[in-house]
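K.L.:
Take a look at this one; I'll ask things after.
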Amino acid sequence: MATVAERCPICLEDPSNYSMALPCLHAFCYVCITRWIRQNPTCPLCKVPVESVVHTIESDSEFKETKVSVDFDYDSEEDEDSFEGQFLAVDSGDAPANISAWNGPMAFVPLNANGTAGAPRLQPLVDWLVERLDQLFETPELALVMRNIVMDTLCEHGCNEEELTRQFWPMFHEDTVPFVTDLIVQAELCVASRPILPIARGRGVEYIDSSSSSSSSEEETDSDIEVDPNNLTDPEDTSDETSTDNSSAQAPRQEDSRPARARPGPPTRGRRRGRRPAAPGPASRRSARLRRRQPRTNSRTNGGDNGEIIDLTLDSDGDTEPADVSGSLNTTDQPVLIPDEEEAAPASPHTSSNSAIICLVSELTPESEEPPRDQPVAPSGSSAGERPMRPRCSLREFARRFMALAPRDSSTSEAAGPSRLGAGPRATEPFSVAVVLVDRSSEGAGLFGGRFAQHVRRRTEDESARRRGNVLLRPRRQSVPPVPYPDIASTSPLIRQGGQRVRDLQRAFQTQPAEPEEMRCPHNCQRYRRNQ
């Protein structure tokens, strides 16, 4: 017999259930060699067809041999059908020629270390064994041991009923016959339900004929020919090209015979996207000049009048200010005059790119007093039958009024005194921000220096909520200030005692106690030192 191999060539571990393949006598694990032979009945090392497997070797005369009934011949043309046919015959309904090829010992694999099946196809058999052995034995530990014994017996004897009955009789006694019968049925179902297919054997190096290689190269050159997408005519077509020129020349004549349709021009942008504004006529210009807004009631002022308001903040798209900005002013319901942009241009003496955009929010009365709320104030320069007049003033006068209306802090206004421009009760009202673009060539350009913007008023919580869609944010988390130590000078005696106690503890931890002097015996005896 051959010597025992140090490691299995398949799993590279110490061989369990030492086995050898005949006739080459190469040593493997029993599980590894049986799995290998089911896929390819040749030796993994020397590629010699395996005739039998010797396993459970106790001595030179005591061992077990399992024969491989497949006669594998490399030179024959039926080498694939001879081994594959015995495993695929189960699907066709015919019994295989050698039944030990699919229900013999090589069809079963021992359990893994964790108690699961060694092969996925045997897992239903292991599940059945778990249920059946739990019914026959009392403890789960004993059932686990019997499960391993049953699977090892199947790996050695296969579905041999006589041998299984003889092996299981000392353990199952009167339950041996029904258990073996059910075990064989379950084992054959698991093995026969999934026939084992062999791995395709390699044919080695295949040499290609030179004639076939030349033909393939010609096909590759034909496929590499570039095709001009502009010239897709048939190369065999020999028709004259003049016919195509004549047909192309006649094409525009046929198109000219059709009635011409007016093509729509590019869309123009109006005030609303996707709609074309109608051409303004003389009546529409006059109506735009005298257009007035409908009066709106203000619940805060209860219908009282506070002064004249001229709104000149309309942009080119016709959008007005947000409702929250205008609603924050304590104003009255006055008609608003929208000036005509076409006639306002020639009124300015100087025309330049930097035109003056005036945002006149309110106007001060000569006495700097508010009119009574019960008496409405008529607009300046307008009467019942007359057309309202535009306020005409110089740029310097407007600058003075604008700075008087600008928002400022109450502390700054009080410190400045009444000598400052616009000092009065109306100077501290919250007004919206206004930006004035001044013509540099006009009068008073040096006062502004180009662009002039006042401080932006901070929005209130209600205004911010309306801008977010009436969604209120939860208040921010405020940091808690550190709690100081209790004051000794407090009137409460409990607080004074606690503060004094805290300071005493701090003083005690900061000072270190003095080390006591070591008492020594004059004779330096260890007994005296130990007693101390």
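Cβ atoms here come from the backbone N, Cα and C positions, even for glycine.
Look at Swiss-Prot and you will find C8, C11, C29, C32 tagged as Zn(2+) 1 binding site. According to Swiss-Prot, the feature zinc finger maps to 8-47. Per Swiss-Prot, Zn(2+) 2 binding site is recorded for C24, H26, C43, C46. If you look up Swiss-Prot, you'll see 206-391, 406-426, 461-498, 510-532 marked as region 'Disordered'. Here Swiss-Prot flags 217-227, 234-243 as compositional bias 'Acidic residues'. Annotated compositional bias 'Basic residues' per Swiss-Prot: 286-295, in sequence order.
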K.L.:
For the binding-site residues listed here, C11, C24, C32, C46, which shows the highest count of neighbouring CB atoms within 10 A?
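P.N.:
When each Cβ's neighbours within 10 Å are tallied, C32 leads.
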K.L.:
Which chain neighbours of the Zn(2+) 2 site, leaving out C24, H26, C43, C46, have a Cβ atom within 8 Å of the mean position of the site's Cβ atoms?
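P.N.:
Leaving out the recorded residues gives A21, L25, P44, L45, K47, V48, V50.
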K.L.:
What is the interatomic distance between the Cα atoms of C43 (Zn(2+) 2 binding site) and C32 (Zn(2+) 1 binding site), given in whole Å?
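P.N.:
Roughly 11 Å, rounded to the nearest whole number.
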K.L.:
Check H26 (Zn(2+) 2 binding site) against DSSP and tell me helix, strand or coil, would you?
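P.N.:
SS state of H26 (Zn(2+) 2 binding site) = strand.
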K.L.:
Take the C-alpha atoms of C24 (Zn(2+) 2 binding site) and C32 (Zn(2+) 1 binding site) and report the distance between them in angstrom, rounded.
P.N.:
16
K.L.:
With an 8 Å cut-off on Cβ-Cβ distance and a minimum sequence separation of at least 6, pull the same-chain contacts of C8 (Zn(2+) 1 binding site), or say none.
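P.N.:
Result: D14, P15, A27, F28, C29, C32.
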K.L.:
With every protein chain in view, how many other Cβ atoms are within 10 Å of the Cβ of C43 (Zn(2+) 2 binding site)?
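P.N.:
Here the count is 21.
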K.L.:
Among H26, C29, all listed as binding-site residues, which has the most CB atoms within 10 Å of its CB?
P.N.:
C29
